[in-house]
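One structure below.
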Amino acid sequence: MLELQVGKTDYEEKRKTVKTIVLWFLAAIVYICVYHVLFNQIYVKDAYYISFYTPSCFSYYYLTVNLSQSTNTIKDDDKNTETTTFEKDLSLTSQELKICYDQIHMEHLRLYKELSDKGITIKIRYEFWELINVISIEFEEKHLEIIKSLKYVKNVQPVSKHRIPIKRKNPSLDSKIVNKKRVSRWKRDYISYDDIKLAPGVDINFVHNFTGVFSARKLFKVTGKDIKVGIVDTGVDYNHPALGGCYGPKCRVQYGYNFVDGTSDPLDECIGHGTHVAGIIGGNDTGKGGTGFLGVAPDVTFGVYKVLDCSGSGDNDVIMQGMQMAKDDGMSIINLSISGEGWAESPMAEMTNVLAKFGILVAVADGNYGSDGLWESGIPATGANALAVSSVDNSHLLVQKATGEYNNVSVEIDYMTKYVRPFPLTKVKIAVYPNDDCPTDLSIYKSKILMIDIPNMLSTCSLDSTSLQENVVGLFAVEYNISAPSYPSLSMPDYFTVPYATLIPKQYYNLVNIVNNYSDFELDFSDKYTYTVINEYGKSPSYFTSWGPAPELDMKPEISAPGGIIFSLYPLVFGGYSLMSGTSMASPYIAGSAALILEKLKVKKSFEVTRALLMNFAIPTTDVTINEIAPIYQQGVGFINILNSLSSSITISPIKINLNDTINGNFDWHTLKITNEGNSSINYTLVHCPVISVNGYISGTNFGASFFQLSFNKTITAEVEFDNTWIEVGPKMNASIKVKITPPKILGSEKRWFYNGYIQFKPTDNSSTLSIPYAGLSTPAKELPIFPTPQYPQLFNSDYNILYSNTTFTMKNGDIPYIAYALVTPTRYLAAYILDKNKKLLFLYADADYVWKTTYYTSYSIPVVFSWSGVDLLNNDLPNGTYFLKLSALKLLGDQNNNTEYEDWISPGIIISRPK
């Protein structure tokens with residue numbers, strides 16, 4: 001694909017590929033609204049957020065009332081001051097809420113009346129007033145500028161679509177299967193739903209060993225009892241015995257609502273995502289006849305808020321309604337295994353910030369777009385107080401075994417099925433799909449298991465789904481890239497009705513060699529047990545986990561948890577259990593861990609302390625692809641170890657040091673405060689641990705780097721000074737130490753390095769090390785490219801030819817200009833202007849705030865494409881003549897009012913020559 005060719009082929013080859021890609025993209029253009037086309041966002045049509053300058057009820061209360069936070073205090077070693085142990089409950093009384101609501105609602109009514117007086121028809125979707133002062137309404141886009149101009153309106157943003165984070169494949173397996181015959185998921189009769197049979201000695205809960213959960217539960221007798229955890233997702237199958245088998249009072253799932261169909265029933269009956277999440281947080285299947293499965297906190301109480309439909313998507317204002325209800329129902333923790341494009345200024349991200357002020361910890365999936373390089377942390381993870389969670393691969397794999405023999409040599413194959421059941425087969429012959437000639441007659445594989453090397457097959461071949469299902473009795477797949485070794489998702493297209501499994505790569509290729517040399521080779525599937533094998537990539541960052549930073553260089557993600565190949569609950573109709581992968585699985589692991597902390601602390605809510613205990617004691621992990629400690633923008637501070645968190649009475653703040661760029665960063669002394677709530681003194685030695693730097697751009701170009709193109713450098717590191725390299729913290733005391741971090745000075749020819757590292761507090765006794773991560777950019781952010789010139793932007797015609805000089809268009813019968821662009825860095829503001837023949841401004845064609853790097857929803861190799869039909873903003877034809885189109889993007893952290901801080905591109909001349 002084009003992304004992998006950038007910087008490796010000459011420009012003419014890139015042009016040819018661009019032409020092909022444009023052809024693909026144009027075939028899919030179905031947009032009508034200019035705004036939606038131009039800026040590549042997945043929005044709800046004609047739906048917008050209106051933010052007001054008047055603060056929300058909570059913000060007004062929080063900012064104007066003197067908060068005496070808590071009487072739980074400890075003394076500071078340096079100053080005789082008191083510090084807060086736990087946050088105060090800041091909930092407003094019903095009377096305060098009513099008074100505030102009346103005031104804010106009057107402001108909303110004023111807007112509605114003013115728009116009505118102007119003849120603007122609106123549809124009110126939702127009003128938010130307690131946590132944030134925002135409404136979501138629908139109106140025709142032509143009224144957008146009028147509403148923006150109202151003096152009491154702070155901001156207008158489109159309502160976007162969100163979905164459960166998916167792992168992008170490029171191209172998708174689904175797109176390479178032709179003649180798709182849909183088969184209902186309710187009728188997957190090829191799946192054996194017999195009880196999972198564990199081989200002797202197999203521990204199905206092995207994931208809890210390397211995270212410290214098993215030891216912590218045993219040592220501290222914590223299970224999350226009486227802690228309320230909200231799941232804002234696809235609902236859950238509360239009929240599952242591991243979730244209590246019921247919904248309502250005295251059930252484990254006590255609270256909930258279905259925002260998808262407007263009922264009180266949050267049952268997950270079609271997709272399984274929310275059920276899997278719930279199992280990770282607190283499943284408990286240890287009753288009679290159960291599997292023995294245990295989630296992190298098996299006694300938590302659930303609130304379930306169904307906001308995503310059976311496709312896993314939902315409108316973000318609906319998701320925010322779920323977040324609000326979770327808060328109203330008294331949830332201590334909220335899990336959001338949801339991701340979408342956006343900046344920290346988005347209403348959803350802002351809502352997570354306010355929830356934190358109530359003491360509610362919001363754990364959020366960071367996203368599954370790791371293959372696209374940096375800048376991929378999505379919202380609401382980009383919220384300042386959202387705990388953004390990345391994924392590490394599981395330590396072990398659950399597999400089934402098949403055996404065979406050739407030339408008197410015994411063979412044993414480990415295969416993984418999504419539903420953790422063995423193939424319902426006996427002895428079967430195996431065939432290998434040849435990627436070099438792409439056979440279409442699949443009858444040659446009749447009654448065999450077909451082996452598919454997914455990356456190679458996708459690049460050359462297409463399979464006929466109907467023929468596949470009529471002939472083969474099973475699929476063995478492998479998806480392996482030596483640049484990102486990891487195990488793939490076990491999800492296959494819904495229309496497959498044959499058993500499928502993935503193989504460990506080494507075993508897959510060994511089996512290929514056997515089959516190619518022994519055509520009669522058979523595998524015996526009579527072993528119906530489930531086993532565990534060590535995952536050689538265990539504890540390493542998952543290949544799919546999104547990289548940060550957030551668009552304004554905030555450190556995201558912040559912490560890692562197991563998310564690769566995770567065993568958990570699934571709706572009973574699909575067998576009750578499955579393996580899934582994603583940051584969607586990592587986030588609930590953190591949510592469950594937070595519940596254990598709250599139970600140990602004997603408090604219902606404590607955002608600051610809980611977050612500190614989770615992050616301070618996380619363990620930096622190694623990325624096996626580079627054999628180095630993984631960069632912080634990939635793993636956060638490290639993967640969770642809840643045993644260390646619960647065993648300590650120490651926390652350190654701040655939990656991270658954001659150094660921004662070389663212009664906006666704070667390179668003076670930073671004060672780190674160490675809080676000791678224990679009964680004895682503890683001593684620490686301070687150590688600086690630099691981490692390998694990463695460059696998210698292809699050296700010497702304006703092109704963004706995919707994961708496979710990232711550059712790393714161990715010598716480009718920050719300099720760190722301490723005012724003291726040793727510190728003692730007395731019992732029930734605070735102490736502080738200062739650290740000064742200087743960006744790398746020797747950068748070489750490539751300046752765009754993201755440097756990072758840890759300030760570590762190593763105890764002199766046998767207690768645990770604490771880590772404070774830091775990260776920054778070694779150059780001014782304004783020097784980062786926005787457009788990947790000269791690749792994009794480009795002007796082209798309806799024949800998909802790129803145009804380098806003035807070109808005539810009739811503006812009839814599809815003869816109109818198209819513009820393709822891509823963004824390699826997020827931009828706070830992006831605009832398209834129409835210029836006259838002298839390149840003077842005629843009018844603003846379209847603009848948008850907070851625009852995402854374009855890889856978020858489309859592959860980097862497919863640009864964003866929009867057209868112009870030679871009309872003005874009122875859709876009137878412009879006179880014949882020469883015009884230019886200008887794209888203008890604000891440089892990162894640039895001043896929107898300074899014209900010199902924009903990156904501009906002007907098209908070749910567009911000559912309008914309409915026939916008379």
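Just so it is clear, glycine is given a Cβ too, placed from its N, Cα and C backbone atoms.
Keep in mind that TrEMBL annotations are predicted by a computer and have not been checked by a curator.
Taken straight from TrEMBL:
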type	residues	note
TRANSMEM	21-39	transmembrane segment
DOMAIN	224-623	domain 'Peptidase S8/S53'
ACT_SITE	Asp233	active site, charge relay system
ACT_SITE	His273	active site, charge relay system
ACT_SITE	Ser584	active site, charge relay system
DOMAIN	657-774	domain 'C5a peptidase/Subtilisin-like protease SBT2-like Fn3-like'
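Following the DSSP three-state reduction, the secondary structure of Asp233 (active site, charge relay system) is strand. Rounded to the nearest whole angstrom, the C-alpha distance between His273 (active site, charge relay system) and Asp233 (active site, charge relay system) is 8. Using DSSP to sort the residues of the domain 'C5a peptidase/Subtilisin-like protease SBT2-like Fn3-like' (657-774) gives these counts of helix, strand and coil: 3 helix, 63 strand, 52 coil. A C-beta separation below 8 Å, combined with a sequence spacing of at least six in one chain, links Ser584 (active site, charge relay system) to Ile164, Pro165, His273, His276, Val277, Ser337, Ala365, Asn368, Gly563.
Listed active-site residues: Asp233, His273; maximum Cβ neighbour count within 10 Å falls on Asp233.
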